[in-house]
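Taken verbatim from TrEMBL:
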| type | residues | note |
| --- | --- | --- |
| COMPBIAS | B:1-17 | compositional bias 'Acidic residues' |
| DOMAIN | B:112-178 | domain 'SUI1' |
| REGION | B:1-29 | region 'Disordered' |
Amino acid sequence: MFKKFVAKENVSGVTQMKSSAIRGVRAKLIEDYPGLEEFQDVILPKKESYNLVKCHERIEIIAIGGEPVFFRQRDGPYMPTLRLLHKYPTILPWQQVDKGAIRFVLSGANIMCPGLTSAGAKLAPAEEDSIVAIMAEGKTHSLSIGLMKLSSEEIHTVNKGIGIENIHYLNDGLWHMTQIK
Amino acid sequence: MAEPVEDIPVEEPEAEVEVPKKSKKKDKQDRANYPLKVNYCGVCSMPFEYCEYLADYDKCKRWWEEHFPDFFERAMKIGDGVDGEGDDPKKRQKRGGRGVIKAKKQVEKSKISVGRVTRNKKKFVTVVKGLETHGVSLKEAAKLFGRHFSCGSSVSGDEIVIQGDFVEDVMVLLVEKYPEIEEDDIEDIGKQKR
């Protein structure tokens, strides 16, 4: 989603969010990510200013205090940015890919089933269409955020083709968007 | 300087855990640690452990050596200790696909040029070009100039136009206000024609 994303070109407008909208977002986020609840005061502080960054292709990024924190496309689910995920790795469930897959993921490729079922990988049970963090064999930090295209069981049985869609990965356009003015 | 320790792949606190459920239990014990502080490489902006997948790995290493010497040493030791790492490149080659990924390029800094344009015989405007490559927001800079010289100041395209002759003053102000701008970066291009 953010492969060819450049903050300067793809942002169409930044607006301050209304407090009622913020309330809605906060409730939605906590509903979607139960792991977020214990950190909600730190991640979603009440006093900070919330900005909604509207971008091309109907991408919306929520920035708190100038820092992009969550994003979504169209009416899809909100997803945390990788920088936030690195700080609070427990807010998302994760899948682990093997070593060989890392560089493909880092160049934006979707995660193929064999990369999730081989020896170096670990596949946790997850539903289709759920948001997961992608970790790598031998690494501490997650390298990508993805959307399960198949359920974990299906990945095991099919073992071919795309298993997780790569939405946001290290070194992509959103990663390089650190501050919002 | 305790943080870099967290980045050492050997410990793998998260990667070891199989199921997310387990990890949650684990995290409750050391909840005090959140938010985790992750160090990012100054060259490629990635967490250290992913530097090796980018084209400028050598540069990253040098950066580590300078900024996180203890992490650098440990990383080098691990690299020597594990034999598997040695033949990894060959395996990678076989799988094809793209080579190393290039880190996004930082824009090279160009000279800032300050010039004076005659408006009508006795009136001038000052034109400042090339500020944005130094990481200065044009909009904010224009506002600053306007306020500082109490005159009109606007952004037009990639340059800032200040109403009045402030060539010398702008040069002094830029160096003073923005630590990232050196005196040598600024160039006086003198009288210009529209």
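The backbone N, Cα and C atoms fix where each Cβ goes, and this holds for glycine too.
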Helix, strand and coil counts within the domain 'SUI1' (B:112-178) (DSSP): 26 helix, 22 strand, 19 coil
Mean per-residue pLDDT computed across the domain 'SUI1' (B:112-178): 86
